[in-house]
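Report on the structure given below.
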Amino acid sequence: MQAIPRTRRTPQNTQHTYSLSRRIYDVKIYPVQSPQGATVIIYGQENGITIVWRGGRRLKAQTQPIKERRNGANSEDAVMIVDSDDEQPAATASPFVDRPEFDDKPTADASSIPEIVQTLDLALGTAALHVAVLPMPPCGAEEASWNGANILKTKIVFAITCANTDAYLVTLPLTPPSHESKARPELRQSLLAGNAGTGVWGETLTLLAGQSRPCSGLAITLVKQKPGSRSRSLERAAAQAIPVTRVIVAAHSREASGTLRLWDVTLDGKPGTTNRIEPFQTEYLPSPLTSISFNPSHITQLLTVASPHAVRIYDYASASLPSDDTSEGPFPTQGSWLLSLYPPFTRGPPMSTARKPIVASEWVAHGRAILTLLADGQWGIWDIDGASPSATSGGLFGKANAGLRGSAITSFCVSGHLEGTSPLRNPATQKSPAAPGSGGDFVPMTPHTRRDAITSAITGGSEKLAAVRGGIAVTQLSTQGTSPGEESAVLWLGGADPIVSVIPVISRFWDSQLRRAVGGGVNLWSGAQPTRMIRLTDLAAGLLGERCTGAAAIPKISRGSAAATTSSPTAKDSGSNYTEGLPIEVLLQGETRIVVVHESEDVTSLTTRLLGTRRRSRLDLDSTKAILAYPRPEQPNSVAFNLSIAQRPGRGGGGVFRPRARPPVKGLFDQPSDVLPSTEIHDEPQSAPSSQQGLVFINDLSYAADQPDDEFEAAGRDIEQELMDIMEIDRELEQLESERERGTKRVFFEEG
């Protein structure tokens, strides 16, 4: 991957394209930044996995040793060494210890393009099809102690599945390797010296056994083992005296009619070792799954998608039978299915029972709700735990329903459609060029063709919807405090012309949809971006004709130091008010390309431009920001302006329309006849111009221009309501004008 991408700018966004030399299958953004501030990108390719460190401080250049020369000869002269049998053998070289050094300044500021600091290829000898990372909030390396796991401060923990039925849990140092580490002489001795599992990069591999077919997807979560948990093994009980960090990995495959397996892996392996773990739970399903994901808050709940049937929640820690005593580990041998969520039905005949295919589902609202994307472009949110802004009662998993099992939900709390998906909902309007009759051919309308047209218009799209591919990527935004932060989501439907939409802030978007449903006011001017869904356009410019096969979200974390950010008086506001542009960057996955899309800096909404001055915080109100002809006069906070044409008291009748004094008419023609008006004219005395004449109120306007803005008065104004009033006035004027144009004149004749 090149360090500097190819940049393309569109009217809406800026796209950075990274061209790769291998085909990629899956891309994930690791939630923890490296110690030098880089974003870690993990993608699976046709020979293994690749880790990319993007942004942050740059690695220092590799120093070249200076070779000394004596009298023009090389210092590396041959020296004969006489060996003796009595001497001890030479000591082996000490193992290499990598100590990378970084520059003091980051590679990019807020306005430039982050560079690729380092890349690392872990060869597996087969293609890595799927990658899974922990569902933890984005943070820096110093704050990475999710669920008390301090190993996350120094290690990258992720899981992968391969094309040869293998699945691995991989740990890797979070700090990128130095250039000296990648140029070690021992790596040149063999082509397999740098493969995954050798430990030369400090990595550990754990083989997840039990698979007979390649996995179709996997998920990973972190659990900190607590002392005193159930265990029948004496060795486990002795080892549990010290809390052990464990990882739960779930994977599904098409084995039999569908299989779900879970592994319990301990993060205590040494670099260079490959352990083998057997699954502790195996669930045989009636139909194969399409995707799975763990709950970020309730870490034992697993969201499973079985398209087109339902979305179900599985709890591996809740035993399906109360008397399950056959387990020797901390978890039962079989979990419980808690809840089923059913999508709406497709458009079709009255007797049709087909449901819309489910493209993807993800946890939102910190695991209290589920965002779902259907194949026809419809999206919806299932509120399962009272996460709605207007919720008045507890959710299904509250204290009152702690033992909930086997329940079902069918209706969405809020729903809508992605922009540009109308052809998926109305397949009759989208004709295929290969279909007979398309392309302008005339087909006579007979009873047979009419019946076929009606049937295809009603039921012709159900087969097409099954082939639609897409997904949802949800990421938590960075926060300054300990309270849970906001979330952003990326919804996409793949293809040659992909549809990618972004929800900047899910909670605000959810609230605006509820207010619109009940008839409340909605921001019609699209000023606050978090309250609307934004579609990314002109994406073909970055993909260069390739199909979009995946998407991810990169949260924008402040590149400045944490101390400077927290000490700033506006740091808290900048972390909580996401109103100036998108708070994330969208990563699009092509077949051999990765495109990072972020909003252009000059794209601002109407209300942002109208209220930009009022939103901008003023730290120093006394500083002069304009050139004044005279010092600022001392004026009260509020000044009353009288623009009336009536005579003002105390000003001698001065005003704009004050009548001027006219000369008397009497005596104008009493001049002597011998004096011609053209030869002799008496000069009339001209009086000095009065200060009361002309635009008298200009002085008041000058005083008003010098006054500072009244922030309290501006804060109380409702700009949106004022604009709505102006629109209402324009609408009434247009209506009166149209009535005047098309109206008829009424003529009345009086009888004489």
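Even glycines carry a Cβ here, placed using N, Cα and C.
Within the set 59-84, 85-110, 657-682, the record from TrEMBL flags 85-110 under the feature region 'Disordered'. Checked against TrEMBL, the range among 271-298, 719-746 recorded as coiled coil is 719-746. The range from 318-343, 422-447, 474-499 that TrEMBL describes as region 'Disordered' is residues 422-447. According to DSSP, the secondary structure content of the compositional bias 'Basic and acidic residues' (98-107) in residues is 0 helix, 5 strand, 5 coil.
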